[in-house]
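S.K.: This structure is in structure tokens; I'll ask about it shortly.
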Amino acid sequence: MSEDLENRAASLDARDRLAGRRELFALDDGVVYLDGNSLGALPRHVPDRMADVISREWGELRIRSWDESGWWTAPERIGARIAPLVGAAPGQVIVGDSTSVNVFKALVGAVRLADGDRDEIIVDATTFPTDGYIAESAARLTGKRLVAALPGDLPDALGPRTAAALVNHVDYRTGRLHDLPGITAAVHAAGALAVWDLCHSAGALPVDLDAHGVDLAVGCTYKYLNGGPGAPAFLYVAERHLPGFDSPLPGWNSHADPFAMTPGYAAAEGAARGRVGTPDILSMLALEAALDVWDGVPVEVVRAKSLALTDFFLECVRTYVPEGRVTSVTPEAHGERGSQVSLCCADAHAVMKELIARGVVGDLRRPDVLRFGFTPLYVSFADAERAARVLADVLSGRTG
Ligand SMILES: Cc1ncc(COP(=O)(O)O)c(C=O)c1O
Ligand SMILES: Nc1c(O)cccc1C(=O)C[C@H](N)C(=O)O
């Protein structure tokens, strides 16, 4: 049984167009890394690039690097690298600040773009907590009422009072992929703006922001985009909204002429409006270098492998793990699945601890969810088989 699945894994890996990409990452063969949905692995070439940024650009060129090393324009330049990965034409994506800060900019910006008589903001009731906390504050600051709705119930919650809806593309806990085209269309039919959090979809699946008419979106770059711990997030503002986008954090970096240093504020044109203060250059340039691993990789190929990997992992779990010990809360339907598998399990904390001790790194979402993230650029089918086999060993009390 195990031999069959091991052979299948080997033949799937042999046919995998992305197999060669794994070499680009600092990973050791003794460990199956299934936590790229929390922190992506390090692309091997990034340390050398950072050594140059620190010793030469900072150490030797010092202040000149803002111009000569392109530091000042890094937020737009890196935004342009991310744009095709999320289906955005140039000029709409800016990189900087945390996702949380960008959720604030995007949501308040959306409310300011909406018809002022509308007095409700809808937030995804299953959201990653930071979006909910910030939506609550944004509602208080803008004098709106916050309404929580499950993504599936959103069409019913929308109405003439809705100014904007903030929704997660993929649920961080279950891995459920929400219907971005359908929900965006419903939000628009109600006359409101759709703001999407792409943290768990950017770099994992095609998002097609422009094609689906999304209004604003945010996403992080330290998961499937491998930008590094605390790497800056991105903000997308659809071109049609850029002239009216009124950032609630209009720092000097978003000024039309920052070095004029005038007391009066005048917003820059384009995506630069989403900038705030001095960019965190070291993290930003680590992200820029990390994005090289995407050269020549269409996100559709990544998606196809992601679905094949999660299908195969689920099959291995069904085959190896004794009946009833785990329950998948990740949808089976491809159209409803992100790039992770979440299994509910008794004693999940102890189980994950033991998995990690045995070289299978996933994570735990309390109280009982084992999360396994599949990053197609570096996770193999052999990894998926081994993870399921080790999970079965742990649950059956077999020693490793
Ligand atoms: C959906 C989602 N939004 C936001 C965040 C985090 O935001 P920040 O980068 O500000 O910590 C995460 C993960 O940390 C997330 O999964
Ligand atoms: N951003 C994180 C961090 O700074 C520490 C630990 C984990 C994270 C995460 O990204 C968690 C992640 N968003 C999640 O889906 O749970």
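A Cβ is built for glycine as well, from the same backbone N, Cα and C atoms used for every other residue.
Curation plays no part in TrEMBL annotations; they are all automatic predictions.
TrEMBL feature annotations, pasted as is:
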- Thr99, Ser100, Phe128, Pro129, Thr130, Asp131, Asp197, His200, Tyr222, Trp252, Thr278: pyridoxal 5'-phosphate binding site (BINDING)
- Lys223: N6-(pyridoxal phosphate)lysine (MOD_RES)
S.K.: Let me know the most crowded of the binding-site residues, choosing from Thr99, Thr130, Thr278 and counting other Cβ atoms within 10 Å.
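M.R.: Buried the deepest by this measure is Thr99.
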S.K.: List every residue in the same chain as Tyr222 (pyridoxal 5'-phosphate binding site), at least 6 positions away in sequence, whose Cβ is under 8 Å from its Cβ.
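M.R.: For Tyr222 (pyridoxal 5'-phosphate binding site), the qualifying residues are Leu39, Gly40, Gly228, Pro229, Gly230, Ala231.
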S.K.: Between Asp197 (pyridoxal 5'-phosphate binding site) and Lys223 (N6-(pyridoxal phosphate)lysine), how many Å separate their Cα atoms?
M.R.: 13
S.K.: Restricting to the record's pyridoxal 5'-phosphate-binding residues (Thr99, Ser100, Phe128, Pro129, Thr130, Asp131, Asp197, His200, Tyr222, Trp252, Thr278), give me the longest CA-CA distance in Å as a whole number.
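M.R.: The span, Cα to Cα at its widest, is 31 Å.
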S.K.: Measure from the CA atom of the residue listed as 'N6-(pyridoxal phosphate)lysine' to the CA atom of Thr99 (pyridoxal 5'-phosphate binding site) and give the result in Å, rounded to a whole number.
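M.R.: One finds 12 Å between the Cα atoms of these residues.
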S.K.: Of Tyr222, Lys223, Thr278, the recorded positions listed, which put a C-beta under 6 Å from ligand 1? Please answer none if none do.
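M.R.: With ligand 1 as the reference and 6 Å as the Cβ limit, the list is empty: none.
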S.K.: Inside 10 Å of the Cβ of Phe128 (pyridoxal 5'-phosphate binding site), count up the other Cβ atoms and send me the figure.
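M.R.: The Cβ of Phe128 (pyridoxal 5'-phosphate binding site) has 20 Cβ neighbours within 10 Å.
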S.K.: Any idea what the Cα distance is from the residue listed as 'N6-(pyridoxal phosphate)lysine' over to Phe128 (pyridoxal 5'-phosphate binding site), rounded to a whole Å?
M.R.: 14
S.K.: Take the Cβ of Lys223 (N6-(pyridoxal phosphate)lysine) and count every other Cβ within 10 Å, whichever protein chain it belongs to.
M.R.: 27
